[in-house]
Amino acid sequence: MRVAASALLAGAASAAVAPQQQILKFPSSFSELKEDLWSKPLHNLEESLKSLTGEAKATWDEVATMYPESFDKAAFFSTPKPHTRKHDSEWDHIVKGADVQSVWVENAQGEKEREIDGKLEQFDLRVKKVDPSVLGVDKVKQYSGYLDDNEEDKHLFYWFFESRNDPKNDPVVLWLNGGPGCSSLMGLFMELGPASVMKDGKLKHNDYSWNANASVIFLDQPVNVGYSYSSGSVSNTVAAGKDIYALLTLFFKQFPEYSKQPFHISGESYAGHYIPVFASEILSHKKRNINLQSVLIGNGLTDGLTQYEYYRPMACGEGGWPAVLDESSCQAMDNAYPRCASLIENCYKSESVWSCVPASIYCNNAMIGPYQRTGQNVYDVRRPCGDNQLCYDEIDYISAFLNKKEVMKAVGAEVSSYDSCNFDINRNFLLQGDWMKPYHRVVPGLLEEIPVLVYAGDADYICNWLGNKAWTEALEWKGHEEYKKAEMKDFKIDGDGKKVGEVKSSGNFTFMKIHAGGHMVPFDQPEASLEMVNRWLSGEFWE
């Protein structure tokens, strides 16, 4: 039996370092190191810890004593990924942010103003036309390439697939996997993309791909994830949001035929952090070429204080599936939760490193650790883990495919190798306190402007449906009371009437539970997943 090394947990369970015990160091082997970029996270941590109170230091000491291995494993930040940048002549298009930023227009008052908001001068977008016949992923028009942040030396890889239906009118969707530190190309080839990778390395057509009625962009972010790379690092969600705005702005500038169509951000897991912040960043720019219409968060981590309370019920048979843990383990989790909740509350109050890191370490060990040690799949309570570190053998098939030289050449990948998940990134985010920060507080502002869908497969443990339903009902916003009172109704496939889940909706807020779906709903329930997406994008649940 294999113990699951959850992407959402592996870094968190070993990601912090007590300042009084360890000295954070750089890795010994660096390629093209820009030391100032790598020193920023350490400097920020040092500055945050200067204000460490006696009470906070006692908390650090307490959690470090309880879980010493978790604190000892993060003395190093990750090493930059080896890469070779291609000459500009090898790309079909290059969009320079400085050129976009230099365009001025006259407003209604006769005053000159920039056509598009934002700080874009440091960004470029490189674009490659992908020949569909070379790889056989899909027959539709495809583009891949990099968003380059020349100031911070960051390079984010993307892969765009046009809609199979009506690309001139169909919406555009951005897909983000979580981790933090897992490649969105996993989502492409394992969940919602045009094809999946089989054990023999061959591709299998996906009839339920989300590009059935929408064009989809898969983005490897943050840097040093998948085909993306940097000599520096990103270790918090807010910093990553600036990159997303630049990517979309330059992409839609190069391809204006997509810019007027409805645009939606979707993702799963730690994307429950990313998506509210990324959407808020886009909406903060009033002069933009991004027609953001909604967001979709699948089995996300968004409000830790509410969600962590529901690990014990899900593990102990109260989530609709048989119990995974015995009574003594369930009782131990009950006993541990009050301390966990207290630590998260402290994090919510200060949003500082010194309060948020101990909360993550304690709560992940106390509330997720007992389940993880059983060897059961943290992404699906019905199954044991497979041989892969992340429980699914399909991840190995995908990695092998994306490491083929002909594949990397076809899409213009510049890194020496592809990894599905980078656990160092996971630890970096936690070490900066990002893990437990209250990003759900951004959601009420989003609901003022756009619809928000939170969906969850009902067999997931790591970001389970109980916790996701609970945080949406606890969220304070102007439609809170009406949403909380809204009843769950059957969600059925149009045509045959097959029940595939339940849904509740009020105002701009919708929650959906997908039956027999794990952490990755499109993987477990592809038909129900596409039904959900098609009907959501059509505006069926919006008010």
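Just so it is clear, glycine is given a Cβ too, placed from its N, Cα and C backbone atoms.
Values in this document were obtained by computation on a predicted structure and should not be read as measured data.
The disulfide entry in Swiss-Prot for CYS330 points, among CYS316, CYS347, to CYS316. Here the candidates are CYS347, CYS363, and Swiss-Prot names CYS347 as the disulfide partner of CYS356. With SER269 (active site) as the anchor, the candidate recorded positions are ASN213, CYS340, CYS385, and the one with the nearest CA is CYS385. Closest in space to ASP460 (active site), of the disulfide-bonded residues given as CYS330, CYS340, CYS363, CYS385, CYS421, is CYS385, taking the CA atom of each residue.
In this structure the C-alpha atoms belonging to CYS316 (disulfide bond) and CYS363 (disulfide bond) are separated by 17 Å. Proximity of CYS340 (disulfide bond) to non-local residues of its own chain (separation of 6 or more, Cβ distance below 8 Å) is seen for TYR308, ALA359, TYR362, CYS363, ALA366, MET367, given in sequence order. Cα of CYS330 (disulfide bond) to Cα of ASN508 (N-linked glycosylation site): a distance of 36 Å. For CYS385 (disulfide bond), the nearest of the recorded positions ASN213, CYS347, CYS356 in terms of C-alpha separation is CYS356.
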